[in-house]
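Marked as ATP binding site by Swiss-Prot: Gly390, Pro391, Ser392, Gly393, Ser394, Gly395, Lys396, Thr397. Annotation comment: Swiss-Prot describes 38-321 as domain 'ABC transmembrane type-1', evidence class sequence analysis. Summarising the annotation, Swiss-Prot assigns domain 'ABC transporter' to 353-590. The transmembrane segment feature in Swiss-Prot is assigned to 26-46, 76-96, 138-158, 164-184, 263-283, 292-312; the stated evidence is sequence analysis.
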Amino acid sequence: MSAKPTLSKPIGSGEASSPAVVFRRLWPYIKPLIWVLIGAIVAMAVSAATDAAIPALLKPLLDKGFGAHANDRAKWFVPAAVIGLALIRSLSQYASGYLLAYVTNKILLDLRLKMFDRMIHTSVAFFQRETASTVINAIVFEVNQILNVLLSVLVTLVRDSLTVVFLLGYLFYLNWRLTLIVAVLLPAIGWLVGKINRRLRRLNREHQLLTNELSYIVEESVGGYKVVKVHNGEQYEMDRFESMSKRLRGYAMRMTVSGGLAQPLTQFLASIALAVVITIAVVQSSSDQTTVGGFVAFVTSMLLIISPLKHLMDVNQPLQRGMTACEMIFGLIDEPSEPEGGGKPLERAHGAVEFRDVSFVYSGNATHNRHTLDQISFRVAPGEMIALAGPSGSGKTTLVNLLPRFFDPTGGQILVDGVAIPEYDLHALRSQIAMVSQDVVLFNDTVANNVAYGQTADAGKVKAALRAANLWDTVEAMPKGIETLVGDNGMMLSGGQRQRLAIARAIYKDAPILILDEATSALDSESERHVQAALETLMKGRTTLVIAHRLSTIERADRILVMEAGRIVESGSHRELLAQDGLYAHLHRIQFQQSAA
């Protein structure tokens with residue numbers, strides 16, 4: 001299986017991902033919330049301080065609350081202090097939890113909006129490179145990994161780190177010699193965690209790539225369910241899904257093995273230190289260098305420090321998952337936006353279009369020196385209908401895709417009203433173009449909003465557009481008329497109705513330049529006659545480029561350009577091209593022979 005391009009790439013324009021890089025990229029989102037975050041950290045610090053205060057209360061209780069020299073004040077002060085500490089701890093934990101949730105959910109919202117904004121404004125090349133499942137994973141699911149990191153990991157790193165610091169400080173206060181023995185473990189633990197981190201990060205990145213592949217398999221199976229069923233491909237798809245799922249399971253287990261090593265090894269090292277401390281403490285007690293209360297407080301503090309250390313070890317695996325998610329999130333945010341153009345306004349174009357020595361090559365073909373379009377030149381007068389004909393793969397669709405700047409030519413110029421299109425504001429240019437593709441796209445919205453997509457829906461204009469597209473009778477019979485939902489990609493409509501709704505959208509836009517890519521290919525003969533008449537009325541006074549594989553639909557074009565292998569090989573009217581007896585005449589004969597058969 002060839003590797004598919006994905007959004008998973010080093011963030012920060014090629015910088016290796018690390019906590020410092022992630023923090024630097026997240027800082028613009030954190031900065032406006034810094035005081036809320038500081039409040040959460042203060043609350044966590046208070047909570048961590050209460051952990052260190054508990055063993056500190058044991059020493060006076062054991063030394064002065066028991067035996068013949070017991071102090072009545074110590075007997076009652078310590079229980080009251082425990083209750084007070086518990087209350088402070090509860091309030092501080094609630095405050096830190098709420099404040100952190102506020103910060104993380106605001107950052108989640110900002111990241112998600114930024115990602116969707118960049119996705120919707122990126123170039124067409126991005127959508128050809130990335131699968132839909134990869135983009136959905138990044139915007140919907142991967143950004144939640146950041147939420148998990150910001151919530152659980154941040155809480156653990158801050159609160160448990162502060163707990164360790166407070167407890168270590170108290171241990172040094174009690175007995176600095178014994179504490180140094182504990183401190184010797186920290187470099188060993190740090191080396192161990194660093195070793196595991198590198199392996200976990202690599203495994204997480206590979207796991208994410210496989211997750212995208214699995215999502216893509218599901219996406220293909222759902223989108224192509226008819227093909228799967230009619231070709232009895234259920235077992236094939238099941239085998240593909242099972243194979244990829246097993247690979248994912250293998251990576252998950254490898255991650256579990258690597259991530260799970262840190263905790264038991266850390267606990268083993270801590271147990272060795274505890275055994276040494278107990279031995280030395282017993283020796284010190286025999287020479288009155290420590291008290292029972294001091295020894296119990298020291299051991300209790302040591303035992304209490306194990307739990308936050310364990311949490312700090314456990315945070316490693318979700319932290320690495322979050323780092324991998326950051327690579328994907330900022331990989332999308334760093335995608336270049338479409339060029340906005342030169343900013344020249346264009347209220348309403350006259351409709352003059354010129355292709356001047358235009359060449360184009362897709363990036364994948366550049367190394368093979370294969371031009372999709374090669375030195376294309378022609379002019380279209382305002383209101384003229386130009387038809388593009390030719391065998392499949394000759395470059396017709398690529399040519400019309402250059403006009404709204406879905407791609408920019410690699411050579412030559414395209415002009416509208418005598419001005420090179422890069423000089424126009426991109427949105428102003430596209431507002432002059434209506435397009436009906438053979439791949440109809442409808443949104444899960446009302447009929448009216450689909451017809452008026454990108455504009456405010458005017459009921460009168462919507463109905464007029466539907467009438468012109470021969471769809472009004474169908475819509476009028478629907479329960480809610482133009483307010484009826486059409487379903488996912490128009491699933492509530494037939495193929496011909498979906499095509500006519502797309503045509504109604506182009507009619508509603510009322511742009512001076514029309515691009516019709518096999519616009520009537522999905523219509524029955526009766527509907528095609530009505531729609532063809534509506535399109536002919538619509539095309540009057542408008543520049544029109546028509547792509548049709550059925551030559552009968554473009555016979556009345558002012559001029560027909562015949563393309564082959566990215567070049568214009570013939571040009572003329574229908575009758576002129578038939579008289580030339582070239583490629584167009586050959587294609588015409590083949591189609592009419594098939595129709596007769």
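Cβ coordinates come from backbone N, Cα and C, glycine included.
Considering only the binding-site residues Ser392, Thr397, the Cβ with the fewest other Cβ atoms within 10 Å is that of Ser392.
Just so you know, the Cβ of Ser394 (ATP binding site) picks up 22 other Cβ atoms within 10 Å once every protein chain is counted.
Neighbours of the ATP site: apart from Gly390, Pro391, Ser392, Gly393, Ser394, Gly395, Lys396, Thr397, residues of the same chain with C-beta atoms within 8 angstroms of the site's C-beta centroid are Met563, Glu564.
Contact between the transmembrane segment (76-96) and the transmembrane segment (164-184) does not hold: fewer than three of their C-beta pairs are under 8 Å, each pair 6 or more apart in sequence.
Ranking the binding-site residues Gly390, Pro391, Gly395 by how many other Cβ atoms lie within 10 angstroms of each Cβ puts Pro391 at the bottom. A 10 Å cutoff on Cβ-Cβ distances gives Lys396 (ATP binding site) a total of 26 other Cβ atoms nearby, all chains included.
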